[in-house]
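Undergrad: Mind having a look at this structure? Questions to follow.
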Amino acid sequence: MTLLDSVHNPDDLKKLPDSQLPQLAAEIREFLISQVARTGGHLGPNLGVVELTIALHRVFDSPRDPILFDTGHQAYVHKILTGRKDFSKLRKEGGLSGYPSRAESEHDFIENSHASTALSYADGLARAYELQGITDRTVVALVGDGALTGGMAWEALNNIAEGKNRRIVIVVNDNGRSYSPTIGGLAEHFANLRMTRGYEQMLATAKNAINRAPVVGPPLYDALHAFKKGLKDAIQPQMMFEDLGLKYVGPIDGHDVAAVERALRRARDFGAPVIVHVLTQKGKGYAPAENHDEDQFHALGAFDVATGRPQSTPGLKWTSVFSDEMVRIGAEREDVVAITAAMLHPTGLAAFAEAYPDRVFDVGIAEQHAATCAAGLAMGGLHPVVAVYATFLNRCFDQVLMDVALHRQPVTFALDRAGITGDDGASHNGMWDLSILQVVPNLSIAVPRDAVRLRELLREAISIDDGPTVVRYPKGVVPPAIPAVDQIGGMDVLRRPASGTEAPDLLLVAVGPMAQTCCEVADRLADQGIGVTVVDPRWVKPLDPALVSEAARHSVVAVVEDNGRVGAVGDAVARALRDADLDIPVRTFGIEQRFLEHAKRDRILAQMGLDAQGLARKLTEIVAQRAEQSLEDEPAS
């Protein structure tokens with residue numbers, strides 16, 4: 001039996017002697033590498049926090065002391081140490097979530113994958129404890145992987161600093177290798193000294209005594225304070241935390257469990273907000289990750305353990321198509337620039353950055369700033385393309401509405417991972433954008449069905465100079481190209497009923513990547529004698545007027561979209577028909593309006609009846625019901 005086999009909960013961990021902790025850390029890393037190699041996941045960040053997470057669970061009493069993980073992809077080790085070692089189905093249906101999950105364990109307080117939020121949760125929890133007179137619980141927030149580049153984190157820090165008696169320990173996991181831990185004993189001595197109440201009392205007494213001295217008192221205090229601050233700045237980074245009024249200790253070697261435990265205990269016992277700055281190495285202990293210059297295996301699919309090479313996934317990816325076309329457009333138009341929110345490689349902008357390094361701006365995890373900065377770039381005569389995951393666009397809705405659309409600025413938002421993404425669960429499904437963006441004036445939305453249309457629509461979007469545009473596309477492999485058999489206005493017709501059909505039964509509006517499924521449905525219904533027209537609007541906001549005219553020729557209209565059913569394209573189509581006084585039923589087939597558990601995209605679609613079989617069955621019933629109703633409505637002869 002391995003040492004890891006004996007650890008089932010934090011109490012077991014606390015019983016281990018210090019001498020066995022390095023072995024435990026090594027076994028955890030071996031476990032992570034072997035398991036994530038089969039399932040895929042966030043390997044690099046978790047290899048970097050093994051010792052840190054061990055120390056957290058030895059010092060604090062989880063779940064009584066809440067441990068909040070910002071960018072929750074750092075929580076794999078936390079799961080292991082809290083009794084969740086079944087990683088065989090990590091991020092798969094019925095298995096462990098890739099993020100903290102309240103449904104999984106009482107040790108998980110927040111289901112967190114959108115960054116920069118943990119400190120606000122911590123502030124609220126600590127205020128609640130203070131208000132209720134609870135003085136023996138410490139709130140711990142682990143932030144890192146760029147979370148402190150988000151403005152929300154600094155808003156929270158500013159508020160946390162006001163609570164002088166709130167028990168909050170903020171652990172900054174610094175895996176950016178920006179600071180050197182080889183500062184020596186003097187820095188550790190200063191850190192230990194400052195983390196005592198006696199030191200605080202001594203400072204207050206000395207300050208009062210010096211300031212009371214006639215003539216020279218205040219100038220002398222200012223001079224000594226400046227010397228002290230300058231010395232601290234010289235030997236310690238990140239003194240901005242103390243400028244906010246927060247106590248700071250570090251940097252600490254995050255791979256030295258004993259050193260981290262000492263720092264955490266002093267922070268815990270201080271009884272007020274404290275920053276503990278630890279230095280870790282992303283990908284620690286696995287050479288292929290350590291040597292991976294791009295992102296130290298931040299997130300990846302299944303891979304070969306011996307080499308670190310990913311298992312091949314055949315097929316062209318949507319992100320790759322966007323990446324390639326952006327480089328081509330960049331060569332043709334020098335005014336096209338790109339913005340990313342700490343997602344240069346995942347969103348496909350790395351190639352553009354390599355080709356045009358002066359025309360890419362990585363603003364950190366700051367989507368709000370990205371949107372308004374893009375508006376400024378547009379005002380300056382450029383055309384910015386903001387590449388962001390669809391789920392993260394939610395974070396800057398006000399900026400899109402008021403800073404970009406209100407000013408009619410030509411900004412293109414490229415929304416990657418739109419629709420159901422699957423493996424990463426509720427927080428990463430991009431199923432909200434088509435709904436929330438419907439209300440934005442002056443905004444146009446394009447949804448490509450294949451690689452050819454993604455290239456076309458991206459170019460069309462960038463050519464629009466009197467308002468913002470959105471191009472959304474899913475995660476994964478691009479389906480085969482579906483050629484249009486006809487065009488009506490700006491829409492592509494993908495299927496027509498058999499010749500001789502006077503009045504087609506069904507108009508099937510296929511939104512973007514749902515086109516392939518809709519064409520399969522049309523073929524199934526045709527075998528049953530049901531006449532179906534399949535159209536791809538290409539641009540779903542504003543709707544092409546030709547869609548209304550085409551709908552008038554059919555008995556039923558059905559809209560199939562990879563978005564929440566409420567307030568999206570289906571509702572827009574129904575509203576357009578009502579405005580035209582057309583009494584034609586419109587049925588919307590989209591994602592159920594709930595937070596979805598992690599599973600494969602195809603599996604989730606099938607469960608919701610959004611696969612070809614489920615849609616064909618339902619649409620057959622709808623067409624039959626409509627035909628019966630039409631017969632009943634006919635006047636008696």
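Keep in mind that glycine also has a Cβ here, set from the backbone N, Cα and C atoms.
Under the heading thiamine diphosphate binding site, Swiss-Prot lists H73, S113, H114, A115, G146, A147, N175, Y286, E367. If you look up Swiss-Prot, you'll see D145, N175 marked as Mg(2+) binding site.
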Undergrad: Give me the largest Cα to Cα distance among H73, S113, H114, A115, G146, A147, N175, Y286, E367, the residues the record lists as binding thiamine diphosphate, in Å as a whole number.
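TA: The widest Cα-Cα gap among those binding residues is 32 Å.
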Undergrad: What does DSSP say about N175 (thiamine diphosphate binding site): helix, strand or coil?
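TA: Note: N175 (thiamine diphosphate binding site) is coil by DSSP, not helix or strand.
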Undergrad: Just to confirm: which same-chain residues, 6+ apart in sequence, have a Cβ under 8 Å from the Cβ of G146 (thiamine diphosphate binding site)?
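TA: Within the chain, G146 (thiamine diphosphate binding site) has Cβ neighbours under 8 Å at T71, A115, A342, G364, I365.
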